[in-house]
Amino acid sequence: MDPGAGAFSEEQFREACAELQRPALSGAAWELLVETQGISVYRLLDQQTGLYAYKVFGVLEDCLPDLLADVYMDLAYRKQWDQYVKELYEKECSGETVVYWQVKYPFPMSNRDYVYVRQRQELDFEGQKVHVILAQSTSEPQFPEKSGVIRVKHYKQRLAIQSDGKRGSKVFMYYFDNPGGQIPSWVINWAAKNGVPNFLKDMVKACQNYKKT
């Protein structure tokens with residue numbers, strides 16, 4: 001996949017916004033994996049790869065939507081609060097902004113890295129502002145693969161955020177990647193059951209500390 005500057009269509013943004021309002025879990029074998037801290041995580045087996053795609057729904061309290069979207073987009077700040085970031089930066093390539101992200105994996109597994117494009121839009125849904133952020137892997141020669149690090153070549157994420165009507169954020173997230181290599185099933189299960197809710201919890205804490213930095 002080698003998306004250009006128009007990597008995402010307006011329809012993709014609208015679909016993410018719509019799923020925030022009404023979860024699309026019927027018509028496919030989505031199964032509830034875990035409910036914790038106000039967050040529900042569902043998974044769907046991808047028959048082609050044998051891996052799972054994930055959908056996350058829930059409310060993050062005491063974290064306003066504008067702030068949450070800003071924190072999510074701020075790569076420099078993420079390096080301060082996300083303990084799994086080894087390297088993270090963005091670079092202009094052929095007229096578009098490309099993100100390089102290297103993730104720490106537990107020993108003895110190799111770290112993974114991602115090269116991806118992302119876009120953010122603000123949509124209106126019945127008078128409410130909805131932040132939608134889309135990301136997907138891309139191929140860019142300015143980011144050659146590194147020795148000892150496994151490149152994740154299939155990565156896709158969708159995030160939609162709006163007010164919960166109080167001082168929190170209602171969120172929807174879709175996530176799929178193919179990390180490659182031989183990863184024990186316990187690591188994958190842990191990441192889905194604990195990693196995603198913990199990441200969102202850490203992001204709420206990061207929101208509360210954002211203006212202090």
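Cβ from N, Cα, C; glycine included.
Marked as domain 'START' by Swiss-Prot: 1-212. A mean pLDDT of 89 is what the model gives for the domain 'START' (1-212).
Sequence annotations record features per position, and here Swiss-Prot assigns N-acetylmethionine to Met1 based on experimental evidence.
Counting every protein chain shown, the number of other Cβ atoms lying within 10 Å of the Cβ of Arg78 (1,2-diacyl-sn-glycero-3-phosphocholine binding site) is 18. As annotated by Swiss-Prot, 1,2-diacyl-sn-glycero-3-phosphocholine binding site applies to Tyr72, Arg78, Gln157, with the evidence given as similarity to another entry.
Cβ neighbours within 10 Å of Ser139 (phosphoserine), excluding its own Cβ and spanning all shown chains: 11. Secondary structure at Ser139 (phosphoserine), taken from DSSP and collapsed to helix, strand or coil, is coil. The phosphoserine annotation in Swiss-Prot covers Ser139, and the record cites similarity to another entry as its basis.
Sequence annotations record features per position, and here Swiss-Prot assigns region 'Part of the binding site for phosphatidylcholine' to 171-176.
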Inter-residue Cα distance where the pair is Ser139 (phosphoserine) and Gln157 (1,2-diacyl-sn-glycero-3-phosphocholine binding site), in Å: 16
Alpha-carbon spacing, Tyr72 (1,2-diacyl-sn-glycero-3-phosphocholine binding site) to Ser139 (phosphoserine), which is rounded to whole Å: 23
Packing count at Gln157 (1,2-diacyl-sn-glycero-3-phosphocholine binding site) (other Cβ atoms within 10 Å of its Cβ): 18
